[in-house]
Amino acid sequence: MVTLYSSPSTHSSGPVASYSNSSIGLYNYHHNKQIAVSSILSRKFGSLQINQKPFWNAVRMQDGAVATPPSKIENETPLKKLKNGILPVAPPKEQKDTIDFDSNKAKSTVSITVVGASGDLAKKKIFPALFALYYEGCLPEHFTIFGYARSKMTDAELRNMVSKTLTCRIDKRENCGEKMEQFLERCFYHSGQYDSLENFAELDKKLKEHEAGRFSNRLFYLSIPPNIFINAVRCASLSASSAHGWTRVIVEKPFGRDSESSAALTRSLKQYLNEDQIFRIDHYLGKELVENLSVLRFSNLIFEPLWSRQCIRNVQFIFSEDFGTEGRGGYFDHYGIIRDIMQNHLLQILALFAMETPVSLDAEDIRNEKVKVLRSMRPLQLDDVIIGQYKCHTKGDVTYPGYTDDKTVPKDSLTPTFAAAALFIDNARWDGVPFLMKAGKALHTRSAEIRVQFRHVPGNLYNKNFGSDLDQATNELVIRVQPNEAIYLKINNKVPGLGMRLDRSNLNLLYSARYSKEIPDAYERLLLDAIEGERRLFIRSDELDAAWSLFTPVLKELEDKKIVPEYYPYGSRGPIGAHYLAARYKVRWGDLV
């Protein structure tokens with residue numbers, strides 16, 4: 001009897017690639033299609049011919065790390081071992097020619113390239129987040145940051161631009177100026193076109209100069225419009241990817257406009273990158289209260305038994321901004337509020353909220369459960385959608401412009417700046433429970449929150465104390481994502497004194513009162529996760545497909561039928577149609593009660 005041993009494959013965030021000194025073990029592990037083991041056994045160890053055609057240059061490991069060849073080994077050595085009944089594969093520590101990534105970790109470097117470095121997102125979010133990570137000591141010892149854009153700029157000019165947006169944490173001001181100087185010294189700039197292989201090759205040369213022979217890993221953050229980032233991915237992959245370490249690319253939304261364009265975008269990305277190299281970022285998944293959602297649910301016994309249709313009457317996901325498009329009208333008009341907020345931010349939060357308990361906290365296990373939820377949802381129907389658009393409004397001496405007053409927006413635009421929708425999950429846990437979404441611009445307040453309204457108490461002894469309006473007795477769990485992060489539970493309580501008078505009180509966890517430490521920005525968490533290879537908060541391609549399949553039909557119907565949005569004044573609570581939509585399912589919007 002012959003026993004073949006081989007080391008298990010390694011799937012870690014780092015570029016670990018271990019190979020046997022045995023040619024047979026190597027081919028059996030990485031190229032088993034080239035060796036028919038069964039035919040070898042059937043010949044009872046007759047003459048053994050091994051095709052040793054090199055294939056190392058074609059082998060690219062997870063995250064783009066390139067496999068390196070083992071030392072040349074004569075055929076008779078593994079053959080003798082095979083005839084003796086065992087074919088061992090040496091463990092990594094015994095392989096002299098394999099790169100020891102653990103020992104090289106201290107010698108490795110991370111090069112971070114912000115593509116589109118002169119844009120608002122880079123200046124306001126990405127560079128400040130990178131500085132915050134540096135300030136907290138979260139970045140690797142050896143790192144370099146490069147800005148890349150078409151604008152002509154020197155290193156000094158980039159540093160001056162970036163320095164204007166950097167701030168130190170409120171709770172840690174020590175050595176702020178010194179830390180800024182140290183950080184800015186690591187920042188450099190290279191000007192080039194996004195579709196130029198030559199310009200990216202020049203960037204690669206500069207990166208290698210700063211990497212100084214260290215084991216290099218590279219992260220590209222694409223802070224550029226989606227119509228040009230495929231060219232940037234192609235050039236970065238072909239001209240500036242890491243030779244031996246990992247190469248990762250962060251891609252900003254929007255990920256297409258519908259199912260078809262999103263799928264085409266994914267196909268284009270996968271011409272140059274593996275799925276493991278693509279980090280589709282949705283910064284709302286990096287919000288503290290969103291990340292805490294699974295902790296709240298799965299580590300507290302009082303919530304998990306209630307987390308189903310038996311106890312929950314409806315769930316509301318509410319997003320509101322107190323300002324209009326203001327400078328982004330041209331971009332926004334191409335997408336609208338449903339694509340900009342609902343299809344990504346709110347739907348991702350819904351998937352985290354409604355998913356089943358994952359097998360583990362591993363990224364793939366969590367994302368598998370999210371995909372199951374999305375695939376269980378009914379495609380959104382036009383009757384379950386209300387759209388609106390804000391109009392000019394004068395308050396006192398101040399006049400606020402309407403959406404179409406923006407010079408970059410067509411005067412006859414029907415693009416919604418507000419939308420409300422009712423969605424349903426057809427599975428055993430959530431059957432019949434309405435999941436309501438509401439998102440809008442130029443509303444009366446800025447907030448993002450999750451509201452869980454529980455069912456009425458059957459046979460409630462105190463119903464008479466609430467009169468005919470039983471909604472006043474509804475228990476409600478509120479998770480306020482922004483601003484002033486908080487979790488509070490609305491309960492019914494007796495008012496102190498004689499008699500029996502009830503009111504609703506809040507059991508309140510206000511983060512600013514409970515925790516003295518400032519909450520990190522979402523971009524800090526997501527950038528750190530990308531550097532460490534943690535994919536839990538990033539969107540997988542099948543998640544994206546499932547999400548678009550829910551919204552694409554209704555988006556097409558809205559545009560084909562040229563549905564006119566309901567107009568609402570700038571600074572108001574939104575169109576009245578949203579109330580009628582909620583009332584159809586016997587629900588009141590919790591933020592308007």
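Every residue gets a Cβ built from N, Cα and C, even glycine.
Listed in Swiss-Prot for this protein:
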- HIS345: active site, proton acceptor (ACT_SITE)
- GLY116, ALA117, SER118, GLY119, ASP120, LEU121, ALA122, LYS123, ARG150, LYS253: NADP(+) 1 binding site (BINDING)
- LYS253, HIS283, TYR284, LEU285, GLY286, LYS287, GLU321, ASP340, LYS441, ARG446, GLN482: D-glucose 6-phosphate binding site (BINDING)
- LYS438, ARG451, ARG480, TYR488, LEU489, LYS490, ARG573: NADP(+) 2 binding site (BINDING)
- CYS168-CYS176: disulfide bond (DISULFID)
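Across the recorded positions listed here (ALA122, CYS168, CYS176), the residue whose Cβ sits among the most other Cβ atoms within 10 Å is ALA122. A count of other CB atoms within 10 A of each Cβ picks out GLU321 as the most crowded of the binding-site residues ASP120, GLU321. Each of the recorded positions HIS345, ARG451 was scored by other CB atoms within 10 A of its CB, and the lowest score goes to ARG451. If you take the C-beta of LYS253 (D-glucose 6-phosphate binding site) and look for same-chain residues 6 or more apart in sequence within under 8 angstroms, you find ARG280, ILE281, ASP282, ASN344. Of the listed binding-site residues, namely ARG150, LYS438, LYS441, LYS490, ARG573, the sparsest Cβ surroundings within 10 Å are found at ARG150. Within the set of recorded positions GLY116, ARG150, HIS345, GLN482, the entry lying nearest in space to LYS438 (NADP(+) 2 binding site) is HIS345 (CA atoms). In the three-state DSSP scheme, LYS253 (D-glucose 6-phosphate binding site) is classed as coil. Of all residue pairs in the NADP(+) 2-binding list (LYS438, ARG451, ARG480, TYR488, LEU489, LYS490, ARG573), the one with the greatest Cα separation is 24 Å apart. Ranking the recorded positions CYS168, CYS176, GLY286, LYS441 by Cα distance from TYR488 (NADP(+) 2 binding site) puts GLY286 first.
Sorting the binding-site residues TYR284, TYR488 by the number of other Cβ atoms within 10 Å puts TYR284 first. Annotation for ARG480 (NADP(+) 2 binding site): spatial neighbours LEU289, SER447, ALA448, GLU449, ALA486, ILE487, TYR488, criterion Cβ-Cβ under 8 Å with sequence separation of six or more. A separation of roughly 10 Å, to the nearest angstrom, links the Cα atoms of LYS441 (D-glucose 6-phosphate binding site) and ARG573 (NADP(+) 2 binding site). Taking the Cα of the residue listed as 'active site, proton acceptor' as the reference point, the closest of the binding-site residues GLY116, ARG451, GLN482, LEU489, ARG573 is GLN482. In terms of Cα spacing, the binding-site residues GLY116, SER118, ALA122, ARG150, ARG451, LEU489 all stay beyond 10 Å of GLU321 (D-glucose 6-phosphate binding site). Checked against GLN482 (D-glucose 6-phosphate binding site), the recorded positions ARG150, CYS176, ARG451, LEU489 differ in C-alpha distance, with ARG451 being the nearest. Spanning the residues GLY116, ALA117, SER118, GLY119, ASP120, LEU121, ALA122, LYS123, ARG150, LYS253 that the record associates with binding NADP(+) 1, the maximal Cα-Cα distance equals 21 Å.
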